[in-house]
Structures are given as C-alpha cells and as structure tokens.
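Below is one structure, written out as structure tokens, with a few remarks after it.
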Amino acid sequence: MTLAGVDETTLCLFDVDGTLTAARQKATPAMDDFLKNLRQRVRVGVVGGSDFEKIKEQLGNDVVDKVDYVFAENGLVAYKDGKLISVQNIQAYLGEDLLQDFINFCLNYMAKIKLPKKRGTFIEFRNGMLNISPVGRSCSQEERIEFFELDKKEHIRDKFVSVLREEFAGKGLSFSIGGQISFDVFPDGWDKRYCLGIVEKDSYEKIHFFGDKTKPGGNDYEIYADPRTIGHEVSCPEDTIRICQELFFK
C-alpha cells in the first residue's frame, strides 16, 4: 500500500556491514527507527554480500517487512515487498570443474598461511558467491578484530586475491574484499550492481547508494561508482543517519 508523502521516484539502497550496522553486529534501535522514518519519505532497500540468514541476524527476522527490497548476496537472492522474487545459482553458472579447481586452490593456499589464530568455515558456499576467510568465519568477535588489525598491516587478503586473479585469469571471476575477515568471489557482473538490474523495471528517477567500502577493490565500489546511482561514502552507521537526515529530512 502506498504511504502518503512517500517519494516513489527515489530509492535509497544501503550496504549492511559498516553502513547500517557495525561489522556483523545487530542494528541498533536508533537505526531501526531511522529506517522506519526514512520509509515515510522514500523507497528503501538493503544490499549485502552476506546470505539472507546473516542479514536477518543483523537487521531482524522481519527485515523484509522493514524495507521495500532486500538484496542478499549482492542481489542474487532478491526480495521485494516481502516476497522472494529471484534466486541465482553459482554452481550452475560456473560448472563443477572450475568450482572444485578454485576451492582446492584456496584450501591449499590457506594451509600455508600462518596466523595468530585459525578457526573454522574457511570457505562458505552461497547461492551466488564463495566467501573466503583465512581466519575462518567461526572466529569470535575478539579474534575477528585481531585478524582485521593484522590484515591492515600485512594485507593478507589483498595478497590472496592478487594470487587468485593471476591463477584464474580469463575464467570470468571477480573478487571483492569487504568486512573484516573475508573476501567474496563471484562471476563477472555479479557484484552489487546486479541488484540495479532488478530495480530498473521499477523506473526510479534517482537511486542513492550508501556504503563504506567504496574504494577500488571494496565490495561497494562498483555500485557506488555506477552511473545509475548517486553514491555516498559513509564511515559508520551514525554517519549514514547524518547524511540521510541532511538529504531527506530538511
């Protein structure tokens, strides 16, 4: 149902980690209130690299009712108005041989990395991407921060991605570093811009995108720089609210 006063020609798309929430943390009550108020002004969507279950953990089990669009895995799993509208599948697209070659190479590479801690779930297989984590996604919050600080000094993920780009050149794979402990691997074109193809049919005049990893190599870069969006770089959830208040509440 259309709400009176909502500008239905404008869509605001938000990254999740670092934009609406602290990394892998739940949204604060203040952020929930902000999204509720923003929906009374414009249409609202979230686009995250994580799978749908992780987005629900951060934004609530009722996230599909809190916003107009939920794009999990960069939009490869897409919800609109509370309903699942499309799902893509990486194994069917790439084929099992390439997938296994890639997974085996990553496991072999990570076996040779010495870190202060290693935990579990080094490769997470999602509908539209692989998520690679040298420390392991099952690490604690303290271990996550420890790895992130080390990565900032030693560029562990950057070096890993550089090796993969060389080893799998010409295979149609893209790499994107986001969050604190991992990077994503997906077919060319399956970055966050993928969701723009879904919303194009809704004929928005303006699409604002808000994200924190907007530099080249970051998982917000492509959609942030895309000519179809008005990109806004944010530093934290509080910054997101501040920028939106200036844009839509004055």
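Yeah, the Cβs are placed from backbone N, Cα and C, and that goes for glycine too.
Listed in TrEMBL:
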{"type": "ACT_SITE", "residues": "Asp15", "note": "active site, nucleophile"}
{"type": "ACT_SITE", "residues": "Asp17", "note": "active site, proton donor/acceptor"}
{"type": "BINDING", "residues": "Asp15, Asp17, Asp212, Tyr224, Asp226, Thr229", "note": "Mg(2+) binding site"}
{"type": "BINDING", "residues": "Arg24, Arg126, Arg137, Arg144, Ser182, Asp184", "note": "alpha-D-mannose 1-phosphate binding site"}
For Arg144 (alpha-D-mannose 1-phosphate binding site): intrachain residues, at least 6 apart, with Cβ closer than 8 Å: Ala23, Arg24, Val135, Gln180, Ile181
Integer Å distance between the CA atoms belonging to Asp17 (active site, proton donor/acceptor) and Ser182 (alpha-D-mannose 1-phosphate binding site): 13
Integer Cα-Cα distance in angstrom, Asp226 (Mg(2+) binding site) to Asp15 (active site, nucleophile): 15
Cβ-Cβ distance under 8 Å to Arg126 (alpha-D-mannose 1-phosphate binding site), same chain, at least six residues away: Asp51, Glu73, Leu76, Ile90
Spatially closest candidate among Asp17, Asp212, Tyr224, Thr229, the listed recorded positions, to Arg137 (alpha-D-mannose 1-phosphate binding site) (Cα to Cα): Asp17
By Cα-Cα distance, the member of recorded positions Asp15, Asp17, Asp184 nearest Tyr224 (Mg(2+) binding site): Asp15
Alpha-carbon spacing, Asp212 (Mg(2+) binding site) to Asp15 (active site, nucleophile), which is rounded to whole Å: 8
Pairwise Cα distance for the residue listed as 'active site, proton donor/acceptor'/Asp184 (alpha-D-mannose 1-phosphate binding site) [Å, integer]: 14
Protein Cβ atoms within 10 Å of Asp17 (active site, proton donor/acceptor), excluding its own: 25
Asp212 (Mg(2+) binding site) in three-state DSSP notation: coil
Cβ packing number for Asp15 (active site, nucleophile), 10 Å threshold: 27
For alpha-D-mannose 1-phosphate, whose listed binding residues are Arg24, Arg126, Arg137, Arg144, Ser182, Asp184, the greatest C-alpha pairwise distance in Å: 21
Among Asp184, Asp212, Asp226, the one of these binding-site residues whose Cβ has the fewest neighbouring Cβ atoms within 10 Å: Asp226
Rounded to the nearest Å - Cα separation of Thr229 (Mg(2+) binding site) and Asp184 (alpha-D-mannose 1-phosphate binding site): 22
